[in-house]
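Down below is the structure, laid out as structure tokens.
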Ligand SMILES: N[C@H](CCC[C@H](N)C(=O)O)C(=O)O
């Protein structure tokens with residue numbers, strides 16, 4: 001299998017042009033390939049396929065490292081755009097893609113930054129999905145601590161927790177408990193967010209199926225969307241500092257598409273027998 005290793009602010013991917021490779025990805029194959037000692041190693045595998053209808057240029061499939069197929073990856077979308085251009089699979093600078101449940105538009109800027117139209121954030125609980133029935137005003141009680149959070153979908157599920165001190169948070173412990181809780185039947189990506197100022201946040205992320213990653217594009221989008229919805233953040237442009245670097249998010253509020261701008265990095269091309 002031919003592949004390209006890429007990353008978006010340290011969130012790393014293997015990208016496969018499956019229009020050519022025609023590989024049937026199984027959970028076992030992906031978890032073997034993602035093994036950082038025995039395989040290639042990555043957070044997600046991204047597969048490019050022919051579009052399912054003529055309104056789009058490509059279909060975009062996303063697999064977490066344990067082989068679970070998911071329906072959104074923001075950092076991956078930027079790397080996909082760069083890959084398509086780099087490998088001359090398209091000469092377009094505006095590329096329409098679709099995942100299993102999300103339409104997106106990729107805009108290739110000249111300075112290696114990619115802008116992604118991530119579509120409209122969804123707050124309807126069934127779209128996330130989130131089962132609120134057992135919960136009173138979105139507070140989970142963990143032993144003695146009460147955790148207040150917000151939920152939404154960016155095409156994948158997100159739980160946003162505002163904190164004062166990011167260094168003191170046990171991201172993997174808290175993220176894992178919330179991800180496995182009865183409230184999120186499909187699991188959830190959990191973001192811990194500190195508001196620096198009206199147009200600037202800092203955050204850490206627990207990614208569903210993975211644990212803490214260096215960055216998560218859809219989580220950055222989700223965190224800014226919640227901040228703007230709660231009138232805590234600017235609807236002009238918000239800088240998001242993640243462990244692996246910074247993204248810029250723009251959203252004019254409900255009924256508007258949300259935009260993410262950031263880099264994509266090509267590391268190397270490879271071939272692996274499968
Ligand atoms: N772990 C996520 C998928 C990848 C999201 C992240 N890599 C991004 O950049 O959006 C999920 O299970 O929904």
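Just so it is clear, glycine is given a Cβ too, placed from its N, Cα and C backbone atoms.
Feature annotation from TrEMBL assigns substrate binding site to 11, 44, 64, 74, 75, 156, 189, 207, 208, 217, 218. Taken from TrEMBL, the feature active site applies to 73. Among the features that TrEMBL reports, active site, proton donor is placed at 73. The annotation active site, proton acceptor is assigned in TrEMBL to 216. TrEMBL lists 268 with the feature site 'Important for dimerization'.
Taking the features listed in TrEMBL, we show where each one sits on the structure.
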residue : record                            : DSSP (3 states)
11      : substrate binding site            : strand
64      : substrate binding site            : strand
73      : active site                       : coil
189     : substrate binding site            : strand
208     : substrate binding site            : coil
216     : active site, proton acceptor      : coil
268     : site 'Important for dimerization' : strand
In chain order, residues whose C-beta lies under 8 angstroms from the C-beta of residue 218 (substrate binding site), counting only those at least six residues away in the same chain, are 72, 73, 74, 118, 154, 155, 156, 158, 189
Cβ contacts within 10 Å for residue 75 (substrate binding site), all chains included, total 35
Listed in sequence order, the residues of the same chain lying six or more positions from residue 268 (site 'Important for dimerization') whose CB sits under 8 Å from its CB are 4, 5
Spatial hits near residue 216 (active site, proton acceptor) (Cα distance within 10 Å) out of the binding-site residues 64, 75, 208 come to 75
Between the recorded positions 11, 73, 189, 208, the one whose Cβ has the fewest other Cβ atoms within 10 Å is 208
Listed in sequence order, the recorded positions from 11, 64, 75, 218, 268 whose CB sits under 6 Å from ligand 1 are 11, 64, 75, 218
Excluding its own, the Cβ atoms lying within 10 Å of the Cβ of residue 216 (active site, proton acceptor) add up to 34
Filtered by Cβ under 8 Å and at least 6 apart in sequence, the residues in the chain of residue 64 (substrate binding site) near it are 43, 44, 70, 207, 208, 209, 210
Note on substrate: the CB centroid of 11, 44, 64, 74, 75, 156, 189, 207, 208, 217, 218 has further same-chain residues inside 8 Å, namely 43, 62, 70, 72, 73, 76, 205, 213, 216, 219
